[in-house]
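Asks: Pasting the relevant annotations from TrEMBL:
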| type | residues | note |
| --- | --- | --- |
| DOMAIN | 39-287 | domain 'Homogentisate 1,2-dioxygenase N-terminal' |
| DOMAIN | 289-442 | domain 'Homogentisate 1,2-dioxygenase C-terminal' |
| ACT_SITE | HIS300 | active site, proton acceptor |
| BINDING | HIS343, GLU349, HIS379 | Fe cation binding site |
| BINDING | TYR358, HIS379 | homogentisate binding site |
Amino acid sequence: MQDAVLGLHCRMLDVRLYYYYYYYYYHHSFLLLVPDWLRPQVCPYGLYAEQLSGSAFTCPRATNKRSWLYRILPSVRHKPFTPINCGNLSENWNEVEPDPNQLRWMPFTVTKASEKKVDFVSGLHTICGAGDSKSRSGIAVHIYTCNTSMINRCFQNSDGDFLIVPQKGEILITTEFGKMMVEPNEICVIQQGMRFSVDVFGETRGYILEVYGAHFELPDLGPIGANGLANPRDFQIPVAWFEERTVASGYTIINKYQGKLFSCQQDFSPFNVVAWHGNYTPYKYNLENFMVINCVAFDHADPSIFTVLTAKSTRPGVAIADFVIFPPRWGVADRTFRPPYYHRNCMSEFMGLIKGHYEAKEEGFQPGGASLHSIMTPHGPDFDCFEKNSTAELKPERVAEGTMAFMFESSFSMAVTKWGLETCQRLDKSYYKCWEPLKSHFNPNWRPSSNHSLEPRNNS
């Protein structure tokens with residue numbers, strides 16, 4: 001453990017078994033190996049000092065983000081960047097006509113390694129988004145499907161932050177700050193400009209929320225108080241790890257810049273950071289650690305009570321994007337239709353399912369699939385869910401046991417890409433039929449009975 005604290009190379013017999021982590025929100029300066037000041041004339045061990053800035057220099061201290069990296073060679077030593085094929089990664093929100101319908105995708109296909117080797121970058125597919133990376137305002141939602149580790153190549157997103165949600169298969173992410181093993185039911189955030197490489201251990205699939213112009217942060221708790229939802233102590237960051245490795249055949253840096261991909265070559269590994277300190281880092285979080293807030297009397301609280309992370313806009317209370325989960329919990333609300341309500345929203349709602357069965361649509365919405373309910377598009381429980389829960393005995397029950405659904409909610413009106421609507425061939429064109437059996441129960445002669453669950457409350 002001493003080697004990890006000093007930021008030296010930790011040699012582990014099986015890197016899949018365990019890692020050393022720091023806690024993201026509780027630490028700012030970590031490593032004993034760093035010099036007494038930020039940029040000495042000569043760094044210890046003959047290292048180069050390099051600052052990575054995640055905010056403007058003049059941002060208030062509470063939001064100022066930067067880290068100092070002490071590395072064997074600086075990242076500036078590379079050949080020129082040249083454009084490369086973007087594959088299915090896109091920022092073209094106008095390639096197909098807008099579609100205001102409820103959209104649902106069956107599980108996205110993962111190519112078998114025996115058919116074609118696909119790594120993390122080659123397996124990025126943009127499904128929807130809005131805004132513009134050039135103006136630093138907007139979001140994109142991507143799916144990644146891959147079967148092969150990245151060999152002598154890494155990825156850097158100059159446009160924004162990646163929030164990665166593994167759904168099938170664990171991923172080992174090597175960053176300039178160290179290594180993170182991220183499994184399904186965990187998430188990680190790779191912030192703007194950080195270089196990383198992804199190793200996989202079989203067929204792998206997951207979701208990515210990308211935001212331009214803002215960083216993810218914990219939501220304000222308001223009347224909830226000091227504790228609850230995602231607690232700061234549960235976010236983890238990697239300890240320093242480095243390799244001094246020459247790559248004679250060339251190491252490829254892939255850079256996402258203004259919505260396009262570029263690559264350059266260098267003859268050494270970019271993961272040569274021997275020590276670092278600061279508050280601008282990658283981090284991970286286990287969704288099982290989320291402290292759930294829920295209704296304990298009657299009625300249905302809004303899903304904002306399940307917000308894990310938010311990327312704020314300049315309008316108070318309005319997010320560029322929220323990451324929301326629907327974890328296992330107790331349902332105890334009395335006189336209440338407990339599943340999600342029917343809804344038209346001024347926000348866009350993209351949903352995915354990591355595992356299990358989503359309570360409002362137990363059939364059709366499958367792990368590895370997705371849905372999009374655009375701004376003001378009606379959505380809600382399907383026929384079976386409504387009929388079942390309208391007559392169910394209201395006793396305390398476990399909800400979403402063995403399930404983890406999530407939502408990317410955004411104030412942007414997201415457009416779907418051609419890949420999402422056509423090329424992927426996973427769009428469920430019969431989705432609308434899950435609501436067609438809904439029928440009118442209106443009875444103008446209805447009167448409450450003495451034992452009816454809707455007895456009026458005394459509001460005097």
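Cβ from N, Cα, C; glycine included.
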Asks: Whole-number Å distance between the CA of HIS343 (Fe cation binding site) and the CA of HIS300 (active site, proton acceptor)?
Replies: 12
Asks: Give me the Cα-Cα distance between the residue listed as 'active site, proton acceptor' and TYR358 (homogentisate binding site), rounded to a whole Å.
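Replies: Per the Cα atoms, the residue listed as 'active site, proton acceptor' and TYR358 (homogentisate binding site) stand 17 Å apart.
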Asks: If you average per-residue pLDDT over the domain 'Homogentisate 1,2-dioxygenase C-terminal' (289-442), what number do you get?
Replies: 94
Asks: So how many other Cβ atoms are close to TYR358 (homogentisate binding site), meaning within 10 Å of its Cβ?
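Replies: Result for TYR358 (homogentisate binding site): 23 neighbouring Cβ atoms inside 10 Å.
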Asks: State the Cα to Cα distance, in Å, between TYR358 (homogentisate binding site) and GLU349 (Fe cation binding site), rounded to an integer.
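Replies: Between the Cα atoms of TYR358 (homogentisate binding site) and GLU349 (Fe cation binding site), the distance comes to 15 Å.
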Asks: Beyond HIS343, GLU349, HIS379, what residues of that chain have CB atoms within 8 A of the centre of the Fe cation site's CB atoms?
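Replies: Everything else in range on the chain: PRO340, ARG344, ASN345, HIS373, THR377, PRO378, GLY380.
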Asks: Inside 10 Å of the Cβ of HIS300 (active site, proton acceptor), count up the other Cβ atoms and send me the figure.
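Replies: There are 14 such Cβ atoms around HIS300 (active site, proton acceptor).
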Asks: Count the Cβ atoms, other than its own, that fall within 10 Å of the Cβ of HIS379 (Fe cation binding site), considering every protein chain shown.
Replies: 20
